Amino acid sequence: MRPNQLVPISIADLEHNAYSTLALNALDYYRSGANDMQTLKDNQEAFSRLRLRPRILRDVSKVSTETTLLGHTVSSPICIAPTAMQRLANDEGEKATARAAAKAKKCMILSSWSTTSAEDTIEAGKAVPVDTTSTGLPLYWFQLYVYKDRAVTEQLIRRVETAGYKALVITVDTPFLGRRLADVRNVFKLPGHMTMANFETKDSKVTMATILDKKNEGERAAREAAGHTSGVKIVRQESSLAAYVVSQIDPTLNWDDIAWVRSITKLPVVVKGVLTAEDAKLAADIGVEGILVSNHGGRQLDGVLATIDALPEVLDAVKGRNVEVYMDGGVRKGTDVLKALALGAKAVFLGRPILWGLAHNGEEGVTLALDLIQKELELAMALAGCCKLSDITRDHVQHGTFPRSRL
Ligand SMILES: Cc1cc2nc3c(=O)[nH]c(=O)nc-3n(C[C@H](O)[C@H](O)[C@H](O)COP(=O)(O)O)c2cc1C
Ligand SMILES: CCCCCCC(=O)C(=O)O
């Protein structure tokens, strides 16, 4: 371990260590939120504004966190959110995460923008022997960005169906990339030896470097055409990620496209990035199977509600409808998970904690991150008087610090 690093016993320790392990452009890409990072901060702080209401004397000698997600049994409601470019943290990247998910029998969502292909990632997970001493299986879902070129999107859907992914998670909060200032300053780009592996064909490798080079070439040509001397240094005001999004991702995305995706696949569809009752109702009306309440880890529209604060209105809006509701954003501790479940989430997803685990020690680091928060959840459940997830109710949590009698 490097000087100043901690023997990690919490997600916060893993994050602390990652700060001295990762290269600055990767660290900044992972840790940043958009603009002032108000929402990024609030995602965690909002959990601290909630208080737990434990019940006592309930025989909590055995605690189980087993649950189902869209009909599949997994060991726990703690799941892995899609995060792009995991090989920036560790060379094994998405494969390491998939193996850790398999060992823990947890659900992993793979990003469209992975640095390992969808096929190679799930194969790595499937190669891990299944622990038969407990029920449940690892579960892999695929996160979809809808490309301007619908053929690219459709081909990807066919590939992930064949590979064995069990749901499509369509991210709907990213028509354009949020402005992450550190990435702009660093002129963030993927190192040349890594690719957006799902978009690599025999003939063309889609790297951000190639996109950026084309863009620079275009800018240079435009300057020359306007009579400027060639060779003048071009000062870019965006990360290459933002440029790639503008060139490839469809900002016209709307509810008809969600219906289109549903019409071309038998996989269940989860919409990721819902923050309001209004949109939750529209999602349920269109027939999606899942809603992931998310503000993209504070990386898109800065100033939106913390996800744990948006969760109740989404749940109220779809009460009685046949749709599962999950949340992500700021989940760092077992008590955070308990609070989200008490408000009514079916599961929670972890973004950055998995990256901090990967940076720590690849697959073992992700296993450690998952295990730390899993053990914290089990302890929190026992201390709150809950042996199984169905024992956790809305009465286990309240807003603010006033006793109920004074509210
Ligand atoms: C570095 C990074 C990359 C991400 N990449 C994606 C992505 O490719 N697709 C996506 O839908 N969300 C992406 N997200 C958002 C996460 O899925 C998730 O919503 C968020 O990280 C949850 O917040 P947390 O990091 O506080 O746990 C990314 C988040 C981070 C931090
Ligand atoms: C269409 C937007 C691509 C963003 C890719 C990665 C990501 O989601 C992030 O937050 O960064």
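Here the Cβ of each residue, glycine as well, is placed from N, Cα and C on the backbone.
A TrEMBL annotation is a machine prediction, not a hand-curated record.
Taking a C-beta cut-off of under 8 Å and a sequence gap of six or more, His296 (active site, proton acceptor) has these contacts in its own chain: Thr171, Asp173, Thr174, Gly178, Gly273. Per TrEMBL, active site, proton acceptor is recorded for His296.
According to TrEMBL, the feature glyoxylate binding site maps to Tyr29, Tyr145, Arg180, His296, Arg299. Reduced to three states, the DSSP call for Arg180 (glyoxylate binding site) is coil. Cβ neighbour count for Arg180 (glyoxylate binding site): 26 (other Cβ atoms within 10 Å of its Cβ, all protein chains included).
Ala84 (FMN binding site) falls outside any helix or strand according to DSSP and counts as coil. Of all Cβ atoms in the protein chains displayed, 18 besides its own lie within 10 Å of the Cβ of Ala84 (FMN binding site). Annotated FMN binding site per TrEMBL: 82-84, Ser111, Gln143, Thr171, Lys272, Ser294, 328-332, 351-352, in sequence order.
Taken from TrEMBL, the feature domain 'FMN hydroxy acid dehydrogenase' applies to 3-402.
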> For the domain 'FMN hydroxy acid dehydrogenase' (3-402), what's the model's average pLDDT?
Replying inline: 93
> Any idea what the Cα distance is from Tyr145 (glyoxylate binding site) over to Ala84 (FMN binding site), rounded to a whole Å?
Replying inline: 11
>> If you count other CB atoms within 10 A of each CB, which of Tyr29, Tyr145 wins among these binding-site residues?
In response: Tyr29
> Among Tyr29, Tyr145, Arg180, His296, Arg299, listed as contacts of glyoxylate, what is the widest Cα spread in Å, to the nearest whole number?
Replying inline: 19
> Near ligand 1, which of the binding-site residues Tyr145, Arg180, Arg332 are found, taking a Cβ distance under 6 A to any of its atoms?
Replying inline: none
